[in-house]
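Chemist: Annotations per TrEMBL:
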| type | residues | note |
| --- | --- | --- |
| COMPBIAS | 333-344 | compositional bias 'Basic residues' |
| COMPBIAS | 356-365 | compositional bias 'Basic and acidic residues' |
| DOMAIN | 118-327 | domain 'TLC' |
| REGION | 331-365 | region 'Disordered' |
| TRANSMEM | 84-103 | transmembrane segment |
| TRANSMEM | 124-142 | transmembrane segment |
| TRANSMEM | 162-186 | transmembrane segment |
| TRANSMEM | 198-215 | transmembrane segment |
| TRANSMEM | 221-241 | transmembrane segment |
| TRANSMEM | 253-275 | transmembrane segment |
| TRANSMEM | 295-314 | transmembrane segment |
Amino acid sequence: MGFRKKSKSPPVLSHEFVIQNHADMVSCVAMIVLLGLMFEVTAKYAIMFITVQYNVTQTLDTDAEDKPEPFSYYKYGPKDMATVFFYLLIAIILHALIQEYILDKINRRLHLSKTKHSKFNESGQLATFYSFSFIWGCSILTSEEFETNPTFLWEGYPHIHMAFQVKFFYICQIAYWFHALPELYFQKVRKEDIPRQLYYICLYIFHITGAYVLNLHRLGLVLLVPHYLVELLFHASRLFYFSDENKQKGFTLWALLFVITRLLTLTVSVLTFGFGLSRTDNQGFSLAEGNFNVLTVRMTCLSAICLTQAWMMWKFINFQLKKWREQSQIQANKKKAVSPKSRPKNQNLYGSGGRKGTEARREKN
């Protein structure tokens, strides 16, 4: 982990050295980018990493007497990769800080096993990210008044212009999920857990980047917010479960909301791709205009969403069946543990080998 003080330092640039000091190394890279702002020669390159690019200023006509108000929008472009890289570094640093100063201290008190220790760290990091993203996403939806007009999902497509908060939200989302890939190495994730984590990390990168590039950021934001709420509830419930195994009520609420969110996602997706975008006037494919409103793209996006939801439901059903089998096995073991205890007592009191049984046979003889 980053920021840890070790009594014995491993060899420089060895695997253990990189894992222990990765946050310090990344902090140095981020500091070099920030120092670039101090010099005129490098400032124009440093700004490309730190600030959101592709600003477009438009004027909004309010009243005839007032002057038109300038308003800034943002587009996407190749320079966004530099911004994503910088905030990927910030995500790695924040990850190490949360791990070092919060999660590790709680782990020492709970004395968890290695398996639970790994899952606790995963849930702790994701619960923090989901809670922050959910609050941020709700604030964007509220400020943009998205919830009052459902047709905003397809009206005026292509939505090439984004507000600052919307673009910065997507930049941070993409940066966070890309940072999760090297964290598999930095956190020494067990080999058996790597495929499972790789699946959902790649799915997040694929869907969020797809919504950003295809100018479907409105739909992506509406689908992400309830999904993050459900995932937040799951990981928060798992954290409470690790602290006390009797606290399992959160999983019941999570299971209910999980199914509702899957149905909501499918409904909104079918409504947007099947009815909304297919009936808009601006049909066609143009990279220059950012227009991807053709049947092939719509069906590909809808198929990707439906397949992802089906895969998630399949994993959910298997998880519930596994949990039900474990509970049934525990119940069966409890019954087997109780039944042998009652038999020796009956035999000692009334069986042929007991004292009362011996005395009864003597009196009978």
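From the backbone N, Cα and C atoms, a Cβ is placed for every residue, glycine too.
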Chemist: Flag the pair the transmembrane segment (162-186) / the transmembrane segment (253-275) as in contact if three or more Cβ pairs fall under 8 Å (sequence separation 6 or more).
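Modeler: No, the stretches stay apart by this measure.
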Chemist: How about long-range neighbours of the transmembrane segment (295-314): same chain, 6 or more residues beyond its ends, C-beta under 8 Å?
Modeler: 203, 206-207, 210, 214, 216, 223, 259, 262, 265-266, 269-270, 273-274, 277-278, 285
Chemist: Over the span of the domain 'TLC' (118-327), how high is the average pLDDT in this prediction?
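Modeler: Result for the domain 'TLC' (118-327): average pLDDT 92.
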Chemist: Should anything in the same chain at least six residues away from the transmembrane segment (84-103) have a Cβ under 8 Å from its Cβ atoms, list it; otherwise answer none.
Modeler: 1-4, 22-23, 26-27, 29-30, 33, 49-50, 120-121, 124-125, 128, 171-172, 174-176, 178-179, 182-183, 186-187
Chemist: What residues elsewhere in the chain lie close to the transmembrane segment (221-241), defined as a C-beta under 8 angstroms and at least 6 residues from its ends?
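Modeler: Residues packing against the transmembrane segment (221-241) from afar: 119-120, 122-124, 126-127, 130-131, 133-134, 137-138, 140-141, 146, 153, 166, 169, 173, 208, 247-248, 250-251, 253-254, 257-258, 261, 264-265, 268-269, 305.
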